Amino acid sequence: MEKWASLDSDESEPPAQENSCPDPPDRDPNSKPPPAKPHIFATRSRTRLFGKGDSEEASPMDCPYEEGGLASCPIITVSSVVTLQRSVDGPTCLRQTSQDSVSTGVETPPRLYDRRSIFDAVAQSNCQELESLLSFLQKSKKRLTDSEFKDPETGKTCLLKAMLNLHNGQNDTIALLLDIARKTDSLKQFVNASYTDSYYKGQTALHIAIERRNMALVTLLVENGADVQAAANGDFFKKTKGRPGFYFGELPLSLAACTNQLAIVKFLLQNSWQPADISARDSVGNTVLHALVEVADNTADNTKFVTNMYNEILILGAKLHPTLKLEELTNKKGLTPLALAASSGKIGVLAYILQREIHEPECRHLSRKFTEWAYGPVHSSLYDLSCIDTCEKNSVLEVIAYSSSETPNRHDMLLVEPLNRLLQDKWDRFVKRIFYFNFFVYCLYMIIFTTAAYYRPVEGLPPYKLNNTVGDYFRVTGEILSVSGGVYFFFRGIQYFLQRRPSLKSLFVDSYSEILFFVQSLFMLVSVVLYFSHRKEYVASMVFSLAMGWTNMLYYTRGFQQMGIYAVMIEKMILRDLCRFMFVYLVFLFGFSTAVVTLIEDGKNNSLPVESPPHKCRGSACRPGNSYNSLYSTCLELFKFTIGMGDLEFTENYDFKAVFIILLLAYVILTYILLLNMLIALMGETVNKIAQESKNIWKLQRAITILDTEKSFLKCMRKAFRSGKLLQVGFTPDGKDDFRWCFRVDEVNWTTWNTNVGIINEDPGNCEGVKRTLSFSLRSGRVSGRNWKNFALVPLLRDASTRDRHSTQPEEVQLKHYTGSLKPEDAEVFKDSMAPGEK
């Protein structure tokens, strides 16, 4: 008894990680102990939240505090400790053995391990605590991948726990755990174990090592069989609006690329154990290039690292897989990385891809821009139109023009070359003439519609009989043409809404003109129905259609820059300032009208005698014969106050004159003085604010008109009017001729000179000794036309590409000061080059 008491006194202050509960000496060691004393301070239970319908707090990937304490964990025994097992809900009692029992020669029981003890050891990077783990697993025939050694809620293993608890970038237990897993024949399963909860589902140790930017651990894991194609597709790794998380493309390669770790990217692609597939896609079909576009945010630093990483991966992929066209792979939405950058408004990445020019001979086929010639600051560049022009599905022009109004940088992206010059080329060559012709036809249609409406019959009920007169024949012809135009606009509007399917917000922002044309056609069709229904109300619907028809004339101002910008300002002021003004004004009008109507009482003073002729009445004593005790009449009178034409004594049929005057004065102050002046101030501010924005919006509207006109052509006509020209710009990696549909843009750049530019033609404006004509203009920006008739470019491009293939030096023009003497062969070169100029 004294011995037990002494032991109890020694264990009165147990360590923080152990619970000691001494029993009395006369108690059976196997009996159930009394319940443990509860903690004085109640701990808040932490709930793991993974689903979208759960609380806003998301569970962390790792936490130093394990849930459930020791209640749900098996017992832990140490060789120098005798463990008394209790029930699952009770604590575990630990008692030290006496020196006599140790000296008796009784065999010391092996140490037992559970999830808690292993997790604590790896979190502290304590390898000594895991020395007996291998023997324990071998004797118990267990593995580290068994469910009892995993977190029951997240599926986290001790390896994942160790990866999340690095000390100075390393954890000594990781190599030990991998060695134990190898000796228990569970290495591959252990190293590829991932989270199983919905929030971090699929994340493996390799993902964590890459996220921790630890090259040594990445190498160690890949050497031990880590799956380089493991996909982390939990909710945290998805691009969900309004939820925290980080989308990187799910795959380890994409994670390394999106976190700017080029060394790990190269290792994953070039290691000898398990190279990553550079063309692998995630659950939404995005490749590593798509993922880079997704993480771009248009800031300077982010755009710089994304474009550099994009370029490195593209070149590395070309060297590893020469025939793979990585940039042409599409996701499940059918978008290439270029189209994805356009649809998401990543203007920095978009400009880089469109203007990418690689000078390395073995990777020059990756370029989308080829410098034809350069002279001083002037560069003549050939832009590859693949995935840009409307001849291909999901082209960049269509994606930008028809994208949602919420797309950032939507207007500015059309100013990036070659998009800006390409649209201008289409407008100058054929769209401009078609647009002006449509404008003329619409003006003629409105004149016919107006004439037919003005000379309509006024006697009798419709439909009216046709008299055998020239005037009636012209009138009926005009009516038929007017109705035909209404039917055309109706079906064109239906086609537009079915193809574009705009949202409610973009419907009033981007589809402003289409809505007006559609409403005009609806009024026309309603007028036709009322006309044949013997109702004279057809006139009301017809005049509304007529008024909207002339208003829609503003649509054709987009063909003229100054008028187009002015029309955009009117549209923006209507949608922004005027709509807000009308909402507040209608609230005031309705509120004060109901108050005035309630105050007015019908009486003889409120109307004129019947015998008084209205047209002879003058002054405030003359009032119309209707009663003002109606909301309609009162609203009309109050509206007159808004425009400064109201009369404070428009009626005298009230009992509280002071209240009546106060209501009218308050209405005048709030509407005529406050709201109208505020509207004028807001309109002036809007004009100043959107001056430059209006120009870009006008360019976007004109771009939509250009694409709509081009889409109305037959397929054969589209090819005939296609901008650019098919040219050979070099050779493909498999040795075939590399033909591209190119568009030439002449640029002036005062920062980039022709010292380090891969130039196709040595002589500016002179190809194979044939000079260009003086009709060449830097403003043309076109490949087709007379600029291409004066020289043969394809043979020269083929020769330039051949020189690149047989030469180890890249083609660069080096301007150096020459101090030596000329050799004979140099003289021959100069003589040949000067010969054309001397002729």
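A Cβ is built for glycine as well, from the same backbone N, Cα and C atoms used for every other residue.
Over in Swiss-Prot, the protein carries these features:
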BINDING   Tyr512, Ser513, Thr551, Arg558  resiniferatoxin binding site
BINDING   Gly644  Na(+) 2 binding site
BINDING   Asp647  Ca(2+) binding site
MOD_RES   Ser117  phosphoserine
MOD_RES   Ser503  phosphoserine
MOD_RES   Ser775  phosphoserine
MOD_RES   Ser801  phosphoserine
MOD_RES   Ser821  phosphoserine
REGION    685-713  region 'AD'
REGION    778-793  region 'Required for PIP2-mediated channel inhibition'
REPEAT    250-277  repeat 'ANK 4'
TOPO_DOM  1-433  topological domain 'Cytoplasmic'
TOPO_DOM  498-510  topological domain 'Cytoplasmic'
TOPO_DOM  684-839  topological domain 'Cytoplasmic'
TRANSMEM  434-455  transmembrane segment
TRANSMEM  473-497  transmembrane segment
TRANSMEM  511-532  transmembrane segment
TRANSMEM  536-556  transmembrane segment
TRANSMEM  560-598  transmembrane segment
TRANSMEM  657-683  transmembrane segment
When counting Cβ pairs under 8 Å to the transmembrane segment (536-556), the leader among 434-455, 473-497, 657-683: 434-455
Position of peak Cβ density within 10 Å, selected from the recorded positions Ser503, Ser513: Ser513
Surrounding CB atoms that lie within 10 Å of the CB of Thr551 (resiniferatoxin binding site), all protein chains: 11
Most crowded position, judged by CB atoms within 10 A, among Ser117, Arg558, Gly644, Asp647 as recorded positions: Arg558
Spatial neighbours of the transmembrane segment (511-532) far in sequence, C-beta under 8 Å, 6+ residues away: 462-463, 482-483, 485-490, 492-493, 496-497, 500, 502, 538-539, 541-542, 544-545, 548-549, 551-552, 554-555, 571, 575
Secondary structure of Tyr512 (resiniferatoxin binding site) (DSSP, helix/strand/coil): helix
Rounded Cα-Cα span from Ser117 (phosphoserine) to the residue listed as 'Ca(2+) binding site', Å: 90
DSSP-derived structure type at Thr551 (resiniferatoxin binding site), helix or strand or else coil: helix
Between the residue listed as 'Na(+) 2 binding site' and Tyr512 (resiniferatoxin binding site), the C-alpha gap once rounded to whole angstrom: 32
Ser513 (resiniferatoxin binding site) versus Ser503 (phosphoserine) - Cα distance in angstrom: 15
Local confidence of the topological domain 'Cytoplasmic' (498-510) - pLDDT mean: 76
Which same-chain residues, if any, lie at least 6 apart from Tyr512 (resiniferatoxin binding site) yet have Cβ under 8 Å of it: Glu571, Leu575
Distance from Ser117 (phosphoserine) back to Thr551 (resiniferatoxin binding site), taken between C-alpha atoms, in Å: 79
Alpha-carbon distance [Ser513 (resiniferatoxin binding site); Ser117 (phosphoserine)] in Å: 70
Near-site residues: resiniferatoxin, ref Tyr512, Ser513, Thr551, Arg558, CB cutoff 8 A to centroid: Leu516, Asn552, Leu554, Tyr555, Ala567, Glu571
Distant-in-sequence neighbours of the topological domain 'Cytoplasmic' (498-510), which means Cβ under 8 A and at least six residues beyond its ends: 402, 404-406, 575
